[in-house]
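Annotated in Swiss-Prot:
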type	residues	note
DOMAIN	31-98	domain 'BTB'
DOMAIN	133-229	domain 'BACK'
MOD_RES	SER300	phosphoserine
REPEAT	317-380	repeat 'Kelch 1'
REPEAT	381-429	repeat 'Kelch 2'
REPEAT	431-469	repeat 'Kelch 3'
REPEAT	470-529	repeat 'Kelch 4'
REPEAT	535-581	repeat 'Kelch 5'
Amino acid sequence: MSTQDERQINTEYAVSLLEQLKQFYEQQLFTDIVLIVEGTEFPCHKMVLATCSSYFRAMFMSGLSESKQTHVHLRNVDAATLQIIITYAYTGNLAMNDSTVEQLYETACFLQVEDVLQRCREYLIKKINAENCVRLLSFADLFSCEELKQSAKRMVEHKFTAVYHQDAFMQLSHDLLIDILSSDNLNVEKEETVREAAMLWLEYNTESRSQYLSSVLSQIRIDALSEVTQRAWFQGLPPNDKSVVAQGLYKSMPKFFKPRLGMTKEEMMIFIEASSENPCSLYSSVCYSPQAEKVYKLCSPPADLHKVGTVVTPDNDIYIAGGQVPLKNTKTNHSKTSKLQTAFRTVNCFYWFDAQQNTWFPKTPMLFVRIKPSLVCCEGHIYAIGGDSVGGELNRRTVERYDTEKDEWTMVSPLPCAWQWSAAVVVHDCIYVMTLNLMYCYFPRSDSWVEMAMRQTSRSFASAAAFGDKIFYIGGLHIATNSGIRLPSGTVDGSSVTVEIYDVNKNEWKMAANIPAKRYSDPCVRAVVISNSLCVFMRETHLNERAKYVTYQYDLELDRWSLRQHISERVLWDLGRDFRCTVGKLYPSCLEESPWKPPTYLFSTDGTEEFELDGEMVALPPV
């Protein structure tokens, strides 16, 4: 037998030993210490307690009276919580939920059970949301939990406009309030929001907080306030407070000219699962700012995740769900010519994008695995609808709903029909799901589906967008009746893209003006609402040609599409045809700007003096 074989660890023996200790505990065999909490006795083994708890290790090894006692009374400890920790000590299983985790953390902190503390920290960080972030910030500060504190603070900054009215915000300590109000990362579009939050906190308990008037108001960047707000605010103050306020505002002057992070937000087109410009990877995630005409790199979804569903909520939170990941231990080549060499596994992953950190944060997974599910946000909940899956037709009908406050998924009424592909939008708190020439409407309050008017054309893989009380169904592949043959949308030569409009008030479809496109192009149309206008992002060239992208804008009154913007090929490379496209507000300073690229062809490839560059004809200068 080799030396390596002799040193192998028998994990089965370790598990068996733990199981035997558990049986000794349950049968009260060989116990040598009794913990007493609130009149409840817990016979235990000193060795087990000392192994998991620094508190008990110090107690039993100190040589003091407690080390010789057979009964120890514990103060300020809950009996039910102690039972959870003891069970963990003997089994490694930790039972916790939203109602017990904070008490469990407090007890584990007192008993110095580091493993339990770490598990509780991870649980709480995962559960942070707009409803509890302020309270968890105070909780983390109380127990000096820096990791939890920073995560909670980032959520407070991100959701500031939603949380500063909460009672938990009114009860923040002075130091925590200053830490928040002084932050450059507050997601506010106006400094008036910060001023209002500061005044609400001060007025919550005027008598005890008047001493903090100057220090609190010094965090307000007065130069960012409108002149009307400055004048009205100062004139409305009591005479005794005016000098204090003036001193406080004077202290804030060095920060006058630095905007909050939320003031730098730009509305961007977000491309998930676009073809990568890096030949060593298949996909990339980028965003394009139409105002700045710049492309920024987003953190790609974890574990090479692709074929996901995407959604941006009204609160500007970005989520992705479902998709596929490469199987582990398979020969994987990430080059673009080796897609078929990799085996994939369908997953139920669900991620939230932390825009400050430019990273994807895992949330509770969906109940079903899904490929390219339709994701929408309706009445504060996120719905995952259909999608392709390994469960066949039955699974394609399933619909589940995510509660952002509870971080949990529940099933709702299934789709009336099963489809491999569908598009979904939300209008007037109702969800409209479309495929081929069919459309169904889901009413969340009654949890029911109703079939709506059929479209005039049968198309799949189209792009849909809601604009006001209208739904636009754009592009896609025509399905020939009874044949299943798919033809490009629009005219025979592909020189336009078909558009249909649905009026939710009249329950009727009508044809709209087609979108112009170059002959034989491959549009890859994506409908979006940007700058309060309905637009389409599309490719003007065939996939075999150099990629050239444009955006068109629709005029509802004139029923006309007009060119909004040409996008330089030096800015945006070939995105492929399977990318997801949505619109959200992001912070340029938190993103990595994509480097400038020279034109694909610096000179004409055929030697002529005139050639096309970025959509324009360019002539070589005379020699």
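Counting begins at 1 with the first residue displayed.
Cβ coordinates are placed from backbone N, Cα and C, and glycine is handled just like the others.
A sphere of 10 angstroms centred on the C-beta of SER300 (phosphoserine) encloses 19 other C-beta atoms. Beyond its flanks by at least six residues, the repeat 'Kelch 3' (431-469) meets 374, 376, 378-379, 381, 383, 385-386, 399, 412-413, 415-417, 419, 421-425, 475-479, 481, 486, 489, 498, 500, 502-505, 507-511, 525-529, 534, 536, 556 of its own chain at Cβ-Cβ distances under 8 Å.
Taken together, the residues of the repeat 'Kelch 2' (381-429) have an average pLDDT of 90.
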